[in-house]
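Here the structure is laid out as structure tokens; the discussion comes afterwards.
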């Protein structure tokens, strides 16, 4: 039986210019016919640069945006970014010396950076890496990730959502999901028809003394209208537990691809066991479907940069780079174009 969600994989050509090259643990966001890329690593836990790369879908060429305004001061890995309208927002990330970036926006019309929030201030969100970001028309959301830590405390994971109100420039933490909710990094995180979904991720046990650092297959959503969290049971072609996978929303579907399905004994320094499978979750029926494999990336990968995008009039999942089973990084640019949803 053919899946309900029909689409096709397209390897996007990159015809030159100065681009990000092979990397992982970076962030991308799409605005109009441009793709923006920031941060990342080529070797484990070593930053590369703090340039903002711009890909033009019309010419299929890369360039570097000139750093006008309050540009990022830290070369980041484990950073995330999202787009709202014509602005992109970056949050967190760190360099190899554990200097952490803050929260900034970049106006794609004026090509100017704006400093918005210093992280780790009292009453505001904490600095972090390997978190997840999502957005709607009025908010930027940050979920999970790994804390900064320090000389007196060990880095830990988060389980809460931080919400930034774009209109008034203020942060608020949404209701805590409670002790039965795993703290996670590298989770799927998406706004679908007004609800905020958390899908899978790399988890810390909810049982005192239990096993930490494992792949989760939990799926929950937060409803801003009722201010309540709900954990759901999904069915169908359910993917195995995983983290650091590419994902995007198209209609009522959360599309995911690849990711780490088993952690490496050397932690982030190794590749882990990676996937090259794609799935779509219908958030109304809670049924998973497996995506078609024709044209999909043949080599498994994780820690890709990802975003929802519209390319040639079709909505879908766009992803760049990632870590391969050889522990090398790739600079592939792939788009899963949805034909029907």
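Think of each number as a place in line: the chain as shown, counted from 1.
Cβ from N, Cα, C; glycine included.
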Given that Swiss-Prot annotates 46, 94, 129, 130, 157, 211, 244, 303 as binding (Z)-N-(sulfonatooxy)alkanimidothioate, state which candidate in 21, 186, 270, 278 belongs to that site as well. 186
Among all protein chains shown, how many Cβ atoms are found within 10 Å of the Cβ of residue 46 ((Z)-N-(sulfonatooxy)alkanimidothioate binding site), not counting that one? 11
My understanding is the cutoff is Cβ-Cβ under 8 Å with a sequence separation of 6 or more in the same chain; which residues meet that for residue 211 ((Z)-N-(sulfonatooxy)alkanimidothioate binding site)? 205
Which listed residue (129, 264) has most other Cβ within 10 Å, given these are binding-site residues: 129
One finds that other Cβ atoms within 10 Å of the Cβ of residue 303 ((Z)-N-(sulfonatooxy)alkanimidothioate binding site) number exactly 30
Across all chains shown, how many C-beta atoms besides its own are within 10 angstroms of the C-beta of residue 94 (active site, proton donor)? 24
Close recorded positions near residue 94 (active site, proton donor), where close means Cα within 10 Å, chosen from 129, 157, 260, 264, 303: 129
